[in-house]
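Marked as ATP binding site by TrEMBL: 125, 166, 189, 224, 304, 305, 306, 409, 415, 438, 439. Taken from TrEMBL, the feature Mg(2+) binding site covers 435, 439. According to TrEMBL, the feature domain 'P-type ATPase C-terminal' maps to 461-499.
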């Protein structure tokens, strides 16, 4: 996970040439190799300029030159005040929010210069705090009551009053801090859809529009986006809320639900600060592995939490989609089951299907891979509608006609529901592969679960049948060892009957 770009107070910063951007340019017929070479040369030049400017503004002993991922010389210039005091204050506030709103543990390695590393529940969080460190807002560690931050050479202590932790339902996390001047501030980071719905009504219309445009642009480049917001709290308001929070935290029954409900009451009326964009790089050999598995007649479905634009561009970069395919994008805005059914009927009609029981019986017997002419893309909200018992069969038959299926912005429970639908609906063997805690439900639901041991931790590995180090090893696991195992079993069973 590498922090690549951000948008602060309506100004975008950062440079990156991502795999998804290469996939997008591939769709447009651009020479990807030449363009990639040119972009990487430019990034290398700007990286040197940025390091020089950072050192000139504040000789940060914790900046490791070779570990800098956020390349933005214009950000350092604005942090120094070149675009005026308002933008400088916004940049400082943004980086301070990244340095304060987290659950990271600091590890210090003595030396000259000393090295500070961060251990976090998710690699995204570590990347955010590491970038704040690189530009001069270093998390030095935790004291008994708060966090010690080195802000451009000046050490300050911020008291942590409450931490409202992230989960897949809330899609956000918050930290309530007492600032050195005595004010109480809530910093919140989370998915853009969640944060935007909690912003103060009628305020910052231009900033919201600009930030949304920048986040959309980052998502198209294959970057994972987050929104950062804050809210100043009055002393009385906080004390009253804190009593409710303590009661919920002490509850024996339904503690998680009560904590979420209490957090929901204070994470409102927020003020937008900006957004971040992190690159989750594909491992080596993923495009070749996907191509080989597809040639073997294996139907590939991608279940991801990424945005639709991100997933499509990554699909192109890893050979899951190509320019010859017609993309079917299922998106129902008004959460209406009838509207979803109409969209399914319209798409099924293109294949001469109606979604009947006879067609499902035929689909169960037909194991030929579909023609590489269509691919289906669906978002989480629409998926919730089509997984309804009335529409499930039609959705399954439509997916059966598509070479690739991408389900975007899906929750862990939806991932498991899709696997269950395919397994039970078509009566086939399913294999799920994932690398994070949010993939555990899907891995356990499938007939065969494969966990990848990597940056996301070992939860996926611990709940899987097989553990591998990289995605590309899946080809040997299935096409070599899988075949050998199948042959051994079939010969052994024949021998049992002979005996």
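Placed from the backbone N, Cα and C atoms, the Cβ positions cover glycine too.
Burial estimate for the binding-site residues (435, 439): highest at 439, by number of other CB atoms within 10 Å. Long-range Cβ contacts of the domain 'P-type ATPase C-terminal' (461-499) within its own chain (Cβ-Cβ under 8 Å, at least 6 residues beyond either end) map to 283-286, 288-289, 292-293, 296, 298, 431, 433, 440, 443-444, 448-454. Secondary structure of the domain 'P-type ATPase C-terminal' (461-499) per DSSP, as helix, strand and coil residue counts: 28 helix, 3 strand, 8 coil. Residue 435 (Mg(2+) binding site) and residue 415 (ATP binding site) are 14 Å apart (CA-CA, integer value). Long-range Cβ neighbours of residue 125 (ATP binding site) (same chain, at least 6 residues apart, Cβ-Cβ under 8 Å): 102, 103, 104. Within the same chain, the residues at least 6 positions away from residue 306 (ATP binding site) whose Cβ sits under 8 Å from its Cβ are 219, 224, 314, 408, 409, listed in sequence order. Across the residues the record lists as binding ATP (125, 166, 189, 224, 304, 305, 306, 409, 415, 438, 439), the two Cα atoms farthest apart are 24 Å from each other. Residue 304 (ATP binding site) is 12 Å away from residue 435 (Mg(2+) binding site) when you measure Cα to Cα.
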